[in-house]
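Comments concern the structure below.
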Amino acid sequence: MTRECAPPTPESGAPLSGSVLAEAAVVFVVVLSIHAAVWDRYSWCAVALAVQAFYVQYKWDRLLQQGSAVFQFRMSANSGLLPASVVMPLLGLVMKERCQAAGNPYFERFGIVVAATGMAVALFSSVLALGITRPVPTNTCVISGLAGGVIIYIMKHSLSVGEVIEVLEALLIFVYLNMILLYLLPRCFTPGEALLVLGGISFMLNQLIKRSLTVVESQGDPLDFFLLVVVVGMVLMGIFFSTLFVFMDSGTWASSIFFHLMTCVLGLGVVLPWLHRLIRRNPLLWLFQFLFQTETRVCLLAYWCLLATMACLVVLYQNAKRSSSESKKHQAPTITRKYFHFIVVATYIPGIILDRPLLYVAATVCLAVFIFLEYVRYFRIKPLGHTLRSLLSLFLDERDSGPLILTHIYLLLGMSLPIWLVPRPCTQKGSLGGARALVPYAGVLAVGVGDTVASIFGSTMGEIRWPGTKKTFEGTMTSIFAQIISVALILIFDSGVDLNYSYAWILGSISTVSLLEAYTTQIDNLLLPLYLLILLMA
């Protein structure tokens, strides 16, 4: 009987990719850093989860190479199970620590539930890979079983009965969403990206159901309810139309009219009443009063509308340039795609400095608009469906290999998640001092500045490549330098940021995330801000 190989090589006997090992090393540095900062039984669970995910990742990679995976995943990247598996658990751990320091027991327990849910969905993805791998990888099954046993034992004795039920509900939703969305959307995700995206949606849907059933007047922040209802509503709308258009042609005028009518029915008949039940007031009236409450907000909205117009003009100009070009290039160059990163940075920095609640709501509305327009493009809904397909095809890259174009949505999510995920009740007593004061800027630093500078300088000036990747040493170094300069500018223009001499931790966090950008093949717009957010919050 052939023995399963040790970590240096997968069971198939093929040598491991150097870039995959380097990515794993960076992830373990982050996990161990958080473990050292937290150092409790939950952080030991995160370490055990990372170890088993390291082994199981190669089973997923082999399944993808052999075409034996249950669903069709994106093929231009590895499985990404390890970097994705630890995001929700680590986020829950640092959230627990911050809320514990702020003396908020409710959100402290909430952080533990986030960590437990992340571990549960990650273990499910591991079990799925091991269950369909042939021959059965005995050693990996033992390692995964031991890690899972330790995690389940600790969580069983740490969570209340209600919290255990909450975790199991989110896991059940995750299982069903996996079956539905991965079938409807082939080649849109890697296993790691599916774990990260669908795990987050499952947790949000479960939270929305829980809060809808236990709603009490004046309990909860309307901003949180607004985000939950909008995200869940847009996902459910997509599942509804995907199922419906299996039985009818979505490209006809009759189908298009039906799409718009049903969108209005779902919005006015389901989403708005749902939101009204949660916030106990008219949602449209609340939104109007919120957006135009102060003169600063009116000025910010006008400024953002101007930037949105500029982004649309860039798209039209690049398409006109392609039409008049003799070469008829099918893809825009890297520098052209990074124009949108600069526009997004110019959008978010004033919002973070001047009015974060407004930025919170505006980003939520923008996400809903992006998803709706993607539905219009994907289903070829008249009159804009074919136009959007033509305009956006210029900006596709190798990551848009499925039927959906998700990179622009990932960019918005990467910039917005640090704004959405910071537990505001835990930040009112100064618990976000030091490096944690930069948490709202995690998306701006990691994606808006770091990834953009690395891509531009690496593609134009880079000569020394990191082993096993197309990324360059020069791009990574200029990325780190640009983020340090950005931190200095933030200190100058944002008087609310006080780093308290935590410069070494900030430099280490930025450098670690920049190395992850150099080696990961996952969607960096989504992964990098989350890792920087976790490190800064620790």
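Any Cβ shown, glycine's included, is placed from N, Cα and C.
Here the transmembrane segment (16-34) has long-range neighbours at 8-10, 43, 46-47, 50, 54, 57-58, 61, 78, 82-83, 86, 90, 93-94, 466-469, 512, 515-516, 519-521, 531, 534-535, 538, meaning same-chain residues at least 6 beyond its ends whose C-beta is under 8 angstroms from one of its own. Among the features that TrEMBL reports, transmembrane segment is placed at 16-34 (among others).
What TrEMBL records for 78-95 (among others) is transmembrane segment.
Sequence annotations record features per position, and here TrEMBL assigns transmembrane segment to 107-130 (among others).
For 167-185 (among others), the entry in TrEMBL reads transmembrane segment.
For 225-248 (among others), the entry in TrEMBL reads transmembrane segment.
For 257-275 (among others), the entry in TrEMBL reads transmembrane segment.
Feature annotation from TrEMBL assigns transmembrane segment to 295-317 (among others).
The transmembrane segment feature in TrEMBL is assigned to 338-354 (among others). Residues of the same chain lying 6 or more positions beyond the ends of the transmembrane segment (338-354) and with a Cβ under 8 Å from any Cβ of it are 296, 300, 303-304, 307, 310-311, 314, 362, 408, 411-412, 415, 419, 440-441, 443-444, 447-449, 451-452, 455-456, 493-494.
For the transmembrane segment (360-380), same-chain residues at least 6 beyond its ends with a Cβ under 8 Å from one of its own Cβ atoms are 223, 226-227, 230-231, 234, 237-238, 241, 245, 250-251, 255, 259, 263, 287, 290-291, 301, 304, 351, 386, 388-389, 392, 403-406, 408-409, 412-413, 415-416, 419-420. Annotated transmembrane segment per TrEMBL: 360-380 (among others), in sequence order.
Taken from TrEMBL, the feature transmembrane segment covers 401-421 (among others).
Sequence annotations record features per position, and here TrEMBL assigns transmembrane segment to 441-461 (among others). Counting only same-chain residues 6+ beyond the ends of the transmembrane segment (441-461), those with a CB under 8 A from a CB of the stretch are 334-335, 338, 341-342, 344-345, 348-349, 352, 411, 414-419, 471-472, 474-476, 478-480, 482-483, 486-487, 490, 510, 513-514, 517-518, 524-525, 528-529, 531-533, 536.
Under the heading transmembrane segment, TrEMBL lists 473-493 (among others).
Listed as Cβ neighbours of the transmembrane segment (473-493) (distance under 8 Å, sequence separation of 6 or more from its ends, same chain) are residues 353, 438, 441, 444-446, 449-451, 453-455, 457-459, 461-466, 499, 506-507, 510-511, 514-515, 517-518. Counting Cβ pairs closer than 8 Å and at least 6 residues apart in sequence, the transmembrane segment (107-130) and the transmembrane segment (78-95) reach three or more and so form a contact.
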